[in-house]
Amino acid sequence: MEIQPSQEGEKLQNGSVPRSRRKSSNTELSINSSNVSDEESLCSMVLQILVPFLLAGLGTVSAGMLLEVVQTWDVFLEITELLILVPAVLGMKGNLEMTLASRLSTAVNAGKIDLPAERWMVITGNLALKQLQATVLGLLAALMATLLGWMAEGKMPSYHFVILSSTSLFTAFVASLLQGFIMVGVIIGAKRLGLNPDNVATPMAASCGDIITLALLACFSQWVHTLMEQNPFVLFLVDFAIVCLIPVWIIICSKHPDTLILLRTGWEPIITAMVISRMGLTTTQRNWDT
């Protein structure tokens, strides 16, 4: 009886590699390529994070140097409650910037802004929500600074309360709008350059946010102080216009499902964070008094 050679035997005779060996070879190649891919992604992640984090540290140091300069201005020496307002506004700004960067980065990675119409809805809805939160929290920050100043000194002139409220409101509104546009540009630019927005957006928000907000607060406090003495009617009119924009922001937020949910449920974390930062405000006031 003649024995037929097997298929593997024929391939061996023809100089081919057996299937089992080819499978193991392919497996090794896939593992090696996976390891290379992981190493490349890790290196890419480190490079994407390193530069923004260095900029964030530089921005924080610059904000501290700027605070050392502006605290000697006449308005800060006359109204010491402005020093209580500084960490409140900076903390509020940081919370709003980080949440905006997180939401937009998630939307980009989920492909929710690939279409122009959807992109417009997501961006406008999130910016409107941020402006609404900035306006409300700006007023709350001024109220907290007023209460802490009253508890520390036992009195609070109405003149000081108006300057604190207007300064906080103007700073929160303008800084939120300006940094919101910067965040949108950074996230969309990172996506077009093939970078992960999650690795870039948050450090970039921290890098420019503190110094921009502090510079605006110092300039607005000086401007409000001067305007309060010369033409307080204009000051009250601008305050009223900013507060009247609250219904507009609510309407814009209501048109997008994601921001509509945050409009109802997104207040507790940021308000809680502001209340917790009260310890920092009290410490700042005590250090300033001593």
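Every residue gets a Cβ built from N, Cα and C, even glycine.
These come from TrEMBL:
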COMPBIAS  1-17  compositional bias 'Polar residues'
REGION    1-32  region 'Disordered'
TRANSMEM  45-67  transmembrane segment
DOMAIN    86-218  domain 'SLC41A/MgtE integral membrane'
TRANSMEM  131-150  transmembrane segment
TRANSMEM  162-188  transmembrane segment
TRANSMEM  200-221  transmembrane segment
TRANSMEM  233-252  transmembrane segment
*Report, as numbers and ranges, which residues of the same chain sit near the transmembrane segment (45-67): CB under 8 Å and 6 or more residues beyond its ends.*
86, 90, 195-196, 199-200, 202-204, 206-211, 214-215, 218
*For the domain 'SLC41A/MgtE integral membrane' (86-218), what are the DSSP-based totals of helix, strand and coil residues?*
119 helix, 0 strand, 14 coil
